[in-house]
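> Structure provided below as structure tokens; questions to follow.
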Amino acid sequence: MANPLYQKHIISINDLSRDDLNLVLATAAKLKANPQPELLKHKVIASCFFEASTRTRLSFETSMHRLGASVVGFSDSANTSLGKKGETLADTISVISTYVDAIVMRHPQEGAARLATEFSGQVPVLNAGDGSNQHPTQTLLDLFTIQETQGRLDNLHIAMVGDLKYGRTVHSLTQALAKFSGNRFYFIAPDALAMPQYILDMLDEKGMAWSLHGSIEEVMADVDILYMTRVQKERLDPSEYANVKAQFVLRASDLNGARENMKVLHPLPRIDEITTDVDKTPHAWYFQQAGNGIFARQALLALVLNSELSL
């Protein structure tokens with residue numbers, strides 16, 4: 001059947017409607033249950049990481065290989081013409097797009113992925129993270145995990161903790177969950193790392209309930225999902241980082257009184273914000289969440305690169 005995501009750029013979670021999200025998640029579930037090792041057999045995909053990454057890059061490249069695609073690219077722009085010779089991003093993308101069927105791209109500069117779409121011709125660009133702006137494929141695996149564990153994506157109580165200012169994952173996830181009905185958000189962060197006002201304004205416009213809190217304890221008994229984030233050292237000056245890094249830490253003892261099916265998620269890497277004793281509790285779900293990245297990214301690649309898809 002024809003699908004609306006064929007050859008579509010995926011730069012922001014706002015590029016996907018609620019129906020699009022449901023299509024990706026349904027496709028991910030099918031691929032998890034029934035692997036398709038030759039679905040992208042004759043496709044070549046560029047994996048272009050201008051910024052360091054472990055999970056996102058390996059998850060994307062594993063997804064490509066498991067669907068049968070060929071993979072080219074780099075994990076460090078320092079050894080490319082852009083890094084060594086001063087080639088522009090526009091020229092880099094213009095050239096790469098002549099070689100491949102799709103470009104997966106991470107870049108430290110906000111807006112870089114959107115800029116790349118202006119020079120990629122008919123080749124779709126998938127944003128694997130652009131600065132502190134957007135991380136749509138992380139959001140897809142987050143949604144897939146929430147749906148798997150809670151059985152729904154509406155009427156949920158979701159707490160987001162830590163670096164809500166620079167954490168692109170929480171920006172994208174909040175925007176995505178706002179497409180569904182009845183969700184309530186609890187934001188727990190230091191004042192210096194509070195959720196951006198444009199996100200709060202968006203929730204107000206959609207009539208979504210939200211509130212600000214000073215501790216995890218305040219909301220523990222009320223939430224279905226506790227979404228932890230690390231304080232991003234690379235985006236703060238050293239003195240600011242030292243002041244806030246340990247302000248919100250989750251320990252196993254903090255989970256007393258949590259709902260039985262409440263799950264703790266984290267986009268990883270974690271530093272000190274979740275102690276290892278949490279790993280042994282039934283609430284810890286961040287490693288399963290990371291594993292779901294394979295299926296969410298496989299689904300997106302399959303849909304973007306196939307005009308018709310029947311699984």
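Here the Cβ of each residue, glycine as well, is placed from N, Cα and C on the backbone.
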> R55, T56, H135, Q138, L268, P269 show up in Swiss-Prot as binding carbamoyl phosphate; which entry in R18, R106, R184 does that record put in the same site?
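Only hit among R18, R106, R184 in Swiss-Prot's carbamoyl phosphate site, alongside R55, T56, H135, Q138, L268, P269: R106.
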> Round to a whole number and give the Cα-to-Cα distance in Å for the pair K85 (L-aspartate binding site) and R55 (carbamoyl phosphate binding site).
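Rounded to a whole number, the Cα-Cα distance is 29 Å.
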> Are there residues of the same chain, six or more positions away from P269 (carbamoyl phosphate binding site), whose CB falls under 8 angstroms from its CB, and which are they?
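Those within reach of P269 (carbamoyl phosphate binding site), by Cβ under 8 Å and sequence separation of 6 or more, are T54, R55, R230.
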> Cβ within 8 angstroms of the Cβ centroid of R55, T56, R106, H135, Q138, L268, P269: which residues besides those meet this for the carbamoyl phosphate site?
S53, T54, S59, A128, G129, T169, P267
> Among all protein chains shown, how many Cβ atoms are found within 10 Å of the Cβ of R106 (carbamoyl phosphate binding site), not counting that one?
25
> Which of these binding-site residues has the least crowded Cβ, counting other Cβ atoms within 10 Å: R55, H135, R168, R230?
R55
